[in-house]
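The signal peptide annotation in TrEMBL covers 1-18. Per TrEMBL, the feature compositional bias 'Polar residues' maps to 266-283. Marked as Zn(2+) binding site by TrEMBL: H421, H425, E451. Among the features that TrEMBL reports, active site is placed at E422.
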Amino acid sequence: MLLFGALMLLGLASQAVAHPAQATRQLSKRTQLLNSYRFNTVSSYTAVDGATFPKPKATTERRHKRADYIGIATLKLRETVPQAEFRLVDDSYVGSNGVAHVHFQQTVDGIDVDNAQFNVNILGDGTVLSFGSSFSEHAPEIPSISKITGPSTTPLGAFQTAVQLLDLPITGVAASTAESINDDGTYVIRGVGGAVTNPLVKLAYVQVNGSVALAWRVETDIGTNWLHTYIGATTGKDISGVVDYTNTATYEVYPWGAMSPDESTRQSVANPEDTATSPFGWHSDNTQEYTTLHGNNAFVTISSGNNPSSPSLLFSYPYSPATTDPASYVEASATQGFYIVNKFHDILYKLGFDEDAGNFQANNNGKGGASGDPLELIVQASGGSAQIYVPADGRSPRLSMGVWSGTPRRDSMFDATVLLHEYMHGVTGRLVGGPATSGCLSDINGLSINEGYSDFIPTLLRVKEGDTRSMDYTIADWATGQPIGLRSHYVSTSLETTPLTYSSLNDLVSTGGFNLATV
């Protein structure tokens, strides 16, 4: 019930496998180490009331003058964070839809605060559409650069500390030297091996635990990771934070929140994992690194054996809803499903469906529960249906998503209401009777409750800001090609639209479940 309540709040606020490429275990350990040093910067996004995102315009209709939209953006920044020092980033532009995008960098004493940015989006008539900020909201006490003393706070010392604490595979560190290369205070490290390019070191400010600290920014490109490591300038012995510019995984998908191709366009989503809930990422179980759609939380199975594989973890495959041959887009289907089930895993984990609760993971990392049960996701399963088999904790659930009949035939993997519906059966199966008794909801009444949860949660996640109680929702409307979807009525609060009450319950599982989800 705690999970169910948390999901309500969430909605209102918002084993055949292709041969995997294996890497050493060290990479996964370094990933965990880097994750522990990631910044936890507080940022905000504000949409301005009444502003509406425009349709694309021809280039000749972009009426912005650079001085105008830069000035408007600057006024919005000063109004929002009046005490901030900042500089304009030289990458402002006007998009094809006529919206201008302006970016600012916070500074202190002329030095950038590296993890403090401000952006403003402006309509063609000068109206601010939205703005976002990770600026420090107060003027903190800043240590003076003149306080940097001793060999431990030199650029060379900072580089050596970064290599040691992160266990980077760079050689010749003891004999390395630091050389100033320009007037902006950048130093290059020479005499080392194991790096793709010579490491660079420069002073910067960073936000850490609500204040701003002076640090040496150590840039190291070791191939598998391109890092900015921030070493505290006053001691030279501690890491203030780490930024990894390596896109460890990118997926071309309909993004989370879009329930079907009718609600969004496909986008390239980079590094969508939540490192707090998936500490090994989505392509590792801490014993193996995979270059296929396989990881600690889930793995895909394709009957044709065409499991997408990418050494760079770039999963981008063509797809159009108008395509009539499902086999031609099976890789895109697998990528979409893998992205959604992993995203749902990370959200559910924060809401209580963790190792002790019986979630689906190959490696529970010593946190309780039974390991060895990542979700198996079968792509374009035969039979054209969608279903899930949910054994007890420690054995992998098997979720099958088929191509549904109709004109045109549609792959149910692209309808998130169907995929999330099936996944929720796994959640309720493990939670209601306990992880070891996944068949608790197997009688008629129990199955109705099970179906009810599985209908309700996708509906809940479909609710968007601005929706009202008069809105009607469906399950599988895109997959079926029918506005009403799979059920006999819409999910609706209107008794005229959906005249169902508790007295309407009967022994039909899906009908009973839909009834419960509705009322």
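Every residue, even glycine, has its Cβ placed from backbone N, Cα and C.
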Three-state secondary structure, H425 (Zn(2+) binding site) (per DSSP): helix
Cβ-Cβ distance under 8 Å to E422 (active site), same chain, at least six residues away: A386, Q387, I388, L399, M401, S454
Neighbour-count leader, CB within 10 A, binding-site residues: H421, H425: H421
Secondary structure content of the compositional bias 'Polar residues' (266-283), with strand meaning DSSP E or B: 0 helix, 4 strand, 14 coil
Other C-beta atoms that fall within 10 angstroms of the C-beta of E451 (Zn(2+) binding site): 25
Long-range neighbours of the compositional bias 'Polar residues' (266-283), counting only residues six or more past its ends (CB under 8 A): 28, 31-32, 35, 38, 247-256, 289-292, 294-297, 313, 316, 319, 338-339, 342-343, 345-347, 349-350, 363, 365
